[in-house]
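Features as listed in TrEMBL:
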- 2-115: domain 'PLAT' (DOMAIN)
- TRP100: site 'Essential for stabilizing binding to COTL1' (SITE)
- 114-664: domain 'Lipoxygenase' (DOMAIN)
- HIS363, HIS368, HIS541, ILE664: Fe cation binding site (BINDING)
Amino acid sequence: MPTYKVTVYTVRQFSFEKMDNIYLTLLDSEKQSSKRTLVDQSWFSRFKTEFSLDIHVEKNIGNIVQVKLEKDHHNHPWFCEHIKVQTPSGDCFEFPCYWWLVNENEVMIREGTARLPQDDTKSFQEQRKDELESRQKIFRWKEWSPGLPMSIDAEVKDLPKEVQFDEEKELEWYCNLGKVGVYFGLEKFDGLFESWKDIKDIGQILEHLGTLGHKSAVLENVMQNWNQDYMFGYQFLNGCNPVMIRKCMQLPDKFPVTHKMVEGCLKTGHTLREELQAGNIYIADYEILKGVPASSSQRYLTAPICLLYKNDLNQIVPIAIQLSQTPGETSPIFLPSDNKFDWMLAKMWVKSSDFNVHQLVTHLLKTHLFSEVFEMAIYRQLSAIHPVYKLLMPHVRFTIAINAEAREKLISKNGIFSQVGSISGDGMGKLIQNAMETLTYKSLCFPEDIKARGMEDVPKYYYRDDGKMIWEAIHCFVSAVVKIYYDSDKKVQQDEEIQGFVKDVACSGMNNSANFPKSLESREQLVEYLTVVIFTASAQHAAVNFGQFDWYAWIPNSPSTMRKPPPQKKGQVDMEYIMDSLPDRDCSCKALATVWALTQTEYNELFLGMYPDMYFTEQPAKEAIKTFHHKLEEVTNIIKSRNDELTLAYCYLSPDKIPNSVAI
């Protein structure tokens, strides 16, 4: 009697109640099938991750193209990683699944060779449509806040099992939140809601760091040199928000800086006009904050403009700061030649504005919310057998889950961010709406963004240098995979699932944005689009997330909020006014603990190029993954060699420190 040898891979079940029965059926291309066979029902099965069974058939039923799994009760969800089937003739077939069986349901698992919808048989095309219709009922769009990208229509507790944290991740997440709570308990200073006495006094909140973690070399450097102009300027290139700075060839009318004001900062004998023309002047404009309401009458927000200069030492240093978008007597232009308190406070105001834009636009909107839109569209439009589904799944792991947690705990009306930042819940919506109006798909293409900001040649811009290498590595990898499955541009045009995916992103997820493509015409466009998805979820998120504790833990360097209005005249502030402007003790502690929690990677983190889940089964795709991995190792070594020569190492875009997905 012909025998098919089957191995089922799953995860350990930690419940001690009776497990549900799982049944398996093999099907060939002629829809002939084996008998429905029980996988395992022993008490010990809950602790196993691998089940082997022999399925006897009266006659050989040919090459197996599908495996049907069924669950008979609705007590416990059951997860299937993948299945291997060895035929009586010795051929082996892989069936990737990575799906939960919930309640009394069944799942049909296709043999793992990736297929475009137009290359499938008619019956499988129908099956794909059914699969997507079923998923679209589970993954429904919801307008979480007007003008923002759409999100999943589910609270944390109601999320589909496929996108929830696994047990390890959930344990770590709540453990870290617990540590933050303990830290708050330790830091109950006298006068919790009072101002700090002086800058040195703020060091108290870093004395008990043992509860959270230790100070990095970067943080030590920040604490020592935060008030130096070169350190202020360096952060526009390699800090948490390295995307605000752009080359300035002509000063905007709203920022009337004169040569006389900045003469002392420029190379001897050079005029401001000459330095502008030479490409040595840069600008950071926070116009996006104009009209955004502050979170309370005790917190202040403004929309500053900062002019920066590349000096003889190839440092980027600030040379003029205006704390509003409207010049005039009540909005003076602050200069390095002003008294030290005026200049210190002006820089703090810029950094506070930068903190708020970084958190809500650069970080939340452009990595978290965009990645969730991509993930939703993947589930809604791409069959599990589609090569692009297989390519992108590792890069959306836990993204919907972390965003759902953020909506409840961090960015809700009374969430942590409104407690530590300058912007109310309504203000957050207004700021993100402002960003969505000006944002384009092309700005997510890393090389295009660098070029658009005129930042191709500025020295010591490690974010650009490392980001470019990562972008090219991802682009080559994606290109190799796309060429395996699409032999022409026509194949892209005819792929209904890919076209549905891109359209769903633009029309539903991005609120019918005219700035996002609604269709793709060529392999080249597809490669760029998929590179954007992967780069955004991995490298871009790493660059703007994992430096937060380094750069924000020392509160004077990047105040999360300001408690006094910006000065309207020069020469009227002193150190006491500055300390009363900075976050109070309570707010400082919350800000520090929050940025610590946001920068923790998982114990078993999957970094860029690590694909332990077997989505692709065919050799050419596996070879592309291997080549990608080797390329990333080369990039890691290049960055390490460079960093060995630097006083201040830039590690956020080292591939061995870039998680695959937005998961924190």
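For all residues, glycine too, the Cβ spot is worked out from N, Cα and C.
Bear in mind that TrEMBL entries carry predicted annotations, made automatically and left uncurated.
As the structure is a computational prediction, the values presented were derived from the model and not from experiment.
Rounded to a whole number, the distance between the Cα atoms of TRP100 (site 'Essential for stabilizing binding to COTL1') and HIS363 (Fe cation binding site) is 31 Å. Cα separation, HIS368 (Fe cation binding site) to TRP100 (site 'Essential for stabilizing binding to COTL1'), rounded: 24 Å.
Broken down with DSSP, the domain 'PLAT' (2-115) shows 5 helix, 57 strand, 52 coil.
Looking at TRP100 (site 'Essential for stabilizing binding to COTL1') and ILE664 (Fe cation binding site), their Cα atoms lie 23 Å from each other. Listed in sequence order, ILE402, ASN545, LEU598, THR599, GLN600, THR601, GLU602 are the same-chain residues at least 6 apart in sequence whose CB falls under 8 Å from the CB of ILE664 (Fe cation binding site).
Take the CB of TRP100 (site 'Essential for stabilizing binding to COTL1') and look out to 10 A: across all protein chains shown you find 17 other CB atoms. Every protein chain shown contributes to the tally, and the Cβ of HIS541 (Fe cation binding site) ends up with 26 other Cβ atoms within 10 Å. The predicted model assigns the domain 'PLAT' (2-115) a mean pLDDT of 85. Other residues of the same chain near the Fe cation site, with their Cβ within 8 Å of the Cβ centroid of HIS363, HIS368, HIS541, ILE664, are LEU364, THR367, SER371, ILE402, VAL544, ASN545, LEU598, VAL662.
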